[in-house]
Amino acid sequence: MAQRNTWQRERVREALTDARGFVSAQTLHATLRGENTGIGLATVYRALADMASAGDADSLQSPEGESLYRACTSHGHHHHLICRSCGLTIEIAGKGVEEWARTAAAAHGFTEAEHVVDIFGLCRECTATHAEAAGPGEH
Ligand SMILES: [Zn+2]
Ligand SMILES: [Zn+2]
Ligand SMILES: [Zn+2]
C-alpha cells in the first residue's frame, strides 16, 4: 500500500531523533502538536511501531510499563543506561551480560535466545542535584 502520509512519518522520525532520551508516543505527539503539524496520535504510534520493527528505533518498557522509543546511534545489539529523572540515555555494551545470557539459555536447551537489559538510575548531574536538594542542612 502506498504511504499517503510519508511526510508525517518522516516528521515523527525527526522528532524522535531530536529527543534527548527515550520518549513515549504521547510525549512525541505533544511535541508535534506544538508545531501544528496535524499529525494524529495514531499515526505517531504506527510510525514508532514500524520504526521499531524495522530496527530504526529501539523500544523498551519504562518501570511504569509505558512503551518508550529512541532512535539510537548504535546499530546492532546494545543496552541502555537511562536517567529516570532527566531521561539522559547512554548506549552501552554488555559483554558480561551477553556471555551470561548465552550460557543461561544454553543450559536450559534454549536456542535463538534474545534478551533486553536496560539500567534505570540517576545520572551524575541528577545525583548531584538530589544531594544538593537534600542538603547538609537540618530539613
Ligand atoms: Zn538503543
Ligand atoms: Zn539525569
Ligand atoms: Zn545484550
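Glycine too: its Cβ is placed from the backbone N, Cα and C atoms.
Other Cβ atoms within 10 Å of the Cβ of His77 (Fe cation binding site), summed over all protein chains shown, number 10. Classification of His77 (Fe cation binding site) by DSSP places it in coil, neither helical nor stranded. Under the heading Fe cation binding site, TrEMBL lists His77, Glu98, His115.
For Cys83, Cys86, Cys123, Cys126, the entry in TrEMBL reads Zn(2+) binding site. In the shown protein chains, 19 other C-beta atoms lie within 10 A of the C-beta of Cys123 (Zn(2+) binding site).
Taking a C-beta cut-off of under 8 angstroms and a sequence separation of 6 or more, Cys126 (Zn(2+) binding site) has the following same-chain neighbours: Cys83, Ser85, Cys86, Leu88. With respect to their backbone Cα atoms, Glu98 (Fe cation binding site) and Cys123 (Zn(2+) binding site) stand 24 Å from each other. The binding-site residues near ligand 2, defined by a Cβ under 6 Å from one of its atoms, are Cys83, Cys126, chosen from His77, Cys83, Glu98, His115, Cys126. Within the same chain, residues at least six positions away from His115 (Fe cation binding site) with a Cβ under 8 Å of its Cβ are Val97, Ala101. Glu98 (Fe cation binding site) has a Cβ environment of 14 other Cβ atoms inside 10 Å.
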